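Asker: Here you go, one structure.
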Amino acid sequence: MQANSSAKSLPTECPDYQPIHHLHLVVYSVVLAAGLPLNALALWVFLRALRVHSVVSVYMCNLAASDLLFTLSLPLRLSYYARHYWPFPDFLCQLAGAVFQMNMYGSCIFLTLINVDRYAAIVHPLRLRHLRRPRVARLLCLGVWALILVFAVPTILAHQPSSCARDGRNVSLCFESFSDKLWKGSLLPLLLLAEALGFLLPLAAVVYSSGRVFWTLARPDATRSQRRRKTVRLLLASLVIFLLCFVPYNATLAVYGLLRGEVVPASSEARKKVRGVLMVMVLLAGANCVLDPLVYYFSAEGFRNTLRGLRAPLRDRTLAANGAQEALAEPLTETAHASTLTTTSQGQLQPSDPRSSFTPSHEDSSF
């Protein structure tokens with residue numbers, strides 16, 4: 001246990017956060033169990049199988065990397081919520097807090113870039129075609145990472161663990177409340193700036209671009225094709241993630257920041273209630289890393305075909321193994337022995353080529 005005893009001042013008694021810690025422990029365990037393999041597989045598919053040829057796959061690859069980074073930090077949070085105190089060095093508390101903010105704002109921006117790319121491809125296919133190149137997409141993603149890293153610096157500085165007393169001992173808390181002095185100082189302006197650049201602008205861009213695309217595709221002269229259906233699924237999935245994961249958390253966070261900064265007068269009881277809501281909404285924001293892989297699967301044909309290609313050799317090897325076991329169970333007559341050798345050799349010498357199940361295309365129709 002990390003104990004920071006001080007002879008100068010006795011810390012206050014630790015608040016009872018155990019009920020909300022138990023909720024976070026359950027939800028984040030599910031997010032880790034599902035999000036880690038899903039995003040690791042997605043990143044492997046984009047980098048190794050699809051080779052990130054299309055513009056949308058570039059954005060999806062970076063989105064998967066952001067989600068994977070967050071899921072890798074979850075064991076620190078799970079240990080904290082299980083023990084109800086921070087047992088690690090202080091810098092890991094700061095790092096885990098910064099990774100969450102980077103993932104949330106990074107996910108908002110990467111989803112926005114996906115939507116804007118669909119807007120450029122369907123509403124302005126000729127005017128904006130120079131922006132729809134993989135090289136431009138990679139430069140934009142590099143700029144996004146630079147932006148969220150810059151905003152991570154004040155987050156790291158603000159996420160200092162706080163000390164309190166529990167059972168006669170000093171313990172450290174993480175991911176809880178910042179001090180009133182910090183809220184009234186530089187934290188609130190930084191929060192509002194991050195909300196404007198990392199959430200409000202992306203939300204406005206997603207709503208506008210999705211609306212224009214839906215309007216264009218709904219016209220009587222619009223081409224009805226499989227590409228149209230994929231685009232609609234992709235945009236709807238992005239809207240659902242924004243409305244379900246990001247809007248509730250960011251709206252509650254803005255209200256809580258205004259209350260803590262005393263921009264809006266409120267009683268301490270009202271602030272506690274808003275904080276309780278915020279602690280639930282943060283779970284929705286963290287759950288986006290489980291929903292994003294569903295966007296890849298249902299919207300990206302190349303991604304789906306790759307997963308089918310991975311399943312094919314596994315199925316063939318299972319069938320070959322079952323055939324060999326059945327042959328060994330038969331009486332070892334000369335005919336049965338010959339049949340067994342034939343079946344087994346075919347299963348070994350003619351495996352399914354996992355690359356033959358799909359042909360990744362460089363066009364948008366295969367994103």
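We count from 1, first residue shown onward.
The backbone N, Cα and C atoms fix where each Cβ goes, and this holds for glycine too.
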Asker: Quick test of your reading of the annotation: per Swiss-Prot, do Ala82 and Pro220 share a side of the membrane?
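Answerer: According to Swiss-Prot, which assigns topological domains, Ala82 and Pro220 fall on opposite sides of the membrane.
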Asker: According to the record in Swiss-Prot, which candidate from Cys93, Cys108, Cys245 pairs with Cys174 in a disulphide?
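Answerer: Recorded partner, per Swiss-Prot: Cys93.
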Asker: Please state whether DSSP places Cys174 (disulfide bond) in a helix, a strand or coil.
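Answerer: Going by the DSSP assignment, Cys174 (disulfide bond) belongs to neither helix nor strand, so it counts as coil.
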Asker: Who are the chain neighbours of the transmembrane segment (239-259) in space, where the CB to CB distance is under 8 Å and they lie at least 6 residues beyond its ends?
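Answerer: Tertiary neighbours of the transmembrane segment (239-259) are 104, 107-108, 111, 183, 187-188, 191-192, 195, 199, 202-203, 206-207, 210, 266, 270-271, 274-275, 277-278, 281-282, 284-285, 287-288, 291-292, 295.
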Asker: Which state, by DSSP, holds Cys93 (disulfide bond): helix, strand or coil?
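Answerer: In the DSSP reduction, Cys93 (disulfide bond) maps to helix.
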